[in-house]
Amino acid sequence: MGVIAAMRDGFGFIKCVDRDARMFFHFSEILDGNQLHIADEVEFTVVPDMLSAQRNHAIRIKKLPKGTVSFHSHSDHRFLGTVEKEATFSNPKTTSPNKGKDKEAEDGIIAYDDCGVKLTIAFQAKDVEGSTSPQIGDKVEFSISDKQRPGQQIATCVRLLGRNSNSKRLLGYVATLKDNFGFIETANHDKEIFFHYSEFSGDVDSLELGDMVEYSLSKGKGNKVSAEKVNKAHSVNGITEEANPTIYSGKVIRPLRGVDPTQIEYQGMIEIVEEGDMKGEVYPFGIVGMANKGDCLQKGESVKFQLCVLGQNAQTMAYNITPLRRATVECVKDQFGFINYEVGDSKKLFFHVKEVQDGVELQAGDEVEFSVILNQRTGKCSACNVWRVCEGPKAVAAPRPDRLVNRLKNITLDDASAPRLMVLRQPRGPDNSMGFGAERKIRQAGVID
């Protein structure tokens with residue numbers, strides 16, 4: 001028995017319970033037509049390779065229920081130690097198409113003291129409890145399990161006790177998600193930091209815009225700063241004070257850089273437009289300030305918002321921002337339509353009929369309210385959460401053009417002056433004979449017999 005350790009194009013390798021070497025297998029040996037994935041538990045038969053007597057491979061591979069295969073037996077005694085090397089997950093989502101292989105998991109190392117003897121032990125990322133992965137220098141508690149292979153031990157049930165005080169961890173918010181990378185809005189909401197999905201601990205598909213994350217900074221080639229060791233944080237938001245209940249009307253004078261990548265500044269800016277002492281004042285905003293994190297605010301759009309103190313530098317920023325969008329439906333086709341609303345270079349905004357709320361069937365001319373979302377992969381905007389505010393004017397039959405009306409008025413019904421038709425010969429039907437009696441004659445045009 002064992003678990004799938006790696007998958008390639010047409011073959012893979014199994015991590016065996018009772019031997020160190022990984023066992024080769026071909027996809028044609030998988031029974032019952034099952035599709036295997038990394039970490040699936042299997043049983044199999046080992047046979048020698050026909051081309052090499054020293055090499056074995058697996059045949060008749062059968063998928064087992066999760067939890068069937070066990071590599072070790074647990075001990076109830078708990079140990080304390082310090083992480084010397086971090087453990088990483090296997091992550092096929094971060095694979096480069098050119099390399100054609102998965103990023104394999106790596107074991108971490110914990111240093112601990114047992115009866116005055118300093119020892120080290122390996123641990124795997126899957127054996128860490130909780131959503132936070134231990135980093136180098138962190139204090140952890142763990143159990144020791146004996147593997148079924150004699151003489152080998154591994155740390156299990158690893159629980160983080162405390163962070164290394166020398167390792168600075170930062171908080172931020174997911175601002176942008178692309179195909180294989182994204183950007184994190186800093187805790188002060190004034191910058192964005194690049195991160196690659198390979199640096200995220202967990203399932204990338206679970207990340208959503210506005211999620212709070214914890215990360216460390218690193219410098220790569222060209223001294224470019226990026227985030228590493230990214231994982232979700234448990235805190236919900238970064239508000240240090242309650243939002244001011246006053247609701248203001250404003251206009252977006254600068255969007256977020258995720259909407260307009262050509263601008264240098266990350267923050268967006270909103271100007272208060274309503275009459276009063278605060279008219280003309282400008283406030284910054286970030287992804288946290290959006291009521292709907294997926295909404296795509298454009299320059300010049302009208303919004304309503306509150307003010308709130310955000311970030312570690314206690315900056316007053318726009319918060320709970322809701323756009324005020326209202327436009328008419330241009331047309332509705334089979335499963336989609338267009339709204340008369342300008343976004344970027346496009347004069348029309350696409351929407352799918354499934355985004356229309358309450359199952360309403362929209363017609364051309366209907367007035368609607370909606371949100372605008374930006375597809376991070378294609379860079380195109382579309383409407384969502386479309387609500388009909390009021391129906392448009394009903395379509396009526398177009399009146400007859402004046403030129404036709406005037407022509408009808410001028411038509412005379414006087415038989416004396418009108419052209420007349422006379423019937424010269426009635427049509428004849430068949431005479432019940434067998435075909436034509438004689439060959440047709442050539443006749444002179446205009447002469448009737």
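Glycine too: its Cβ is placed from the backbone N, Cα and C atoms.
The domain 'CSD' feature in TrEMBL is assigned to 1-63, 93-160, 169-232, 265-323, 324-388. Annotation comment: TrEMBL describes 399-440 as domain 'SUZ-C'.
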DSSP puts the residues of the domain 'CSD' (265-323) at 3 helix, 29 strand, 27 coil
DSSP composition of the domain 'CSD' (169-232), residue counts helix/strand/coil, works out to 9 helix, 36 strand, 19 coil
For the domain 'CSD' (324-388), the DSSP residue counts stand at 6 helix, 34 strand, 25 coil
